[in-house]
């Protein structure tokens, strides 16, 4: 949920750097939209449950890339269409997509029809399969960049857009064959999958978790 200039960590703390400051006692972002509220409360900053094929992590990375230049709520509203278009982000299926599949996806009005992003998603599926064939896990790569100390931001101004760790993660992912990933996108992915938790100190979701 980011671009290389705006993100969930773009110095404002919300998923695409556009939401206003939260009201007293309100969520970090998303208040007033049930879909956005559910994402904020149950997914953002929460560790992704692993599956053997790591499709959940693959989905999050893919959606972050598709969000580039768009608002995150746009992606959330298209999420089910993305899942249908990309076989529930099964990396084995997506890795086998050919030019006919690319053309099919380019004609799907339910998703973001950007060829570079579609090509990147297919390339990422292939990179993920190659990792698994070598006995490697995407989760392990991400976990290497979990901060040793938990930061609890008091305001959006305390939430970075990039960090040295996100820059290093982006570099590692590119070496592994992943595309459309830069330091800002990598940091947003770290937020999205719970490597970092940037819920504000006053956020009811953080307070409820203890």
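Note: Cβ is positioned from N, Cα and C throughout, glycine not excepted.
Keep in mind that this is a model prediction, so the values were computed, not measured.
Per TrEMBL, the range carrying the annotation region 'Disordered' out of 1-27, 28-54 is 1-27. Cβ proximity to the Zn(2+) site centre (mean Cβ of 40, 199, 203, cutoff 8 Å) flags the following additional same-chain residues: 27, 28, 29, 41, 44, 45, 200, 204, 205, 206. For the binding-site residues listed here (40, 199), the lowest count of other CB atoms within 10 A around the CB belongs to 40.
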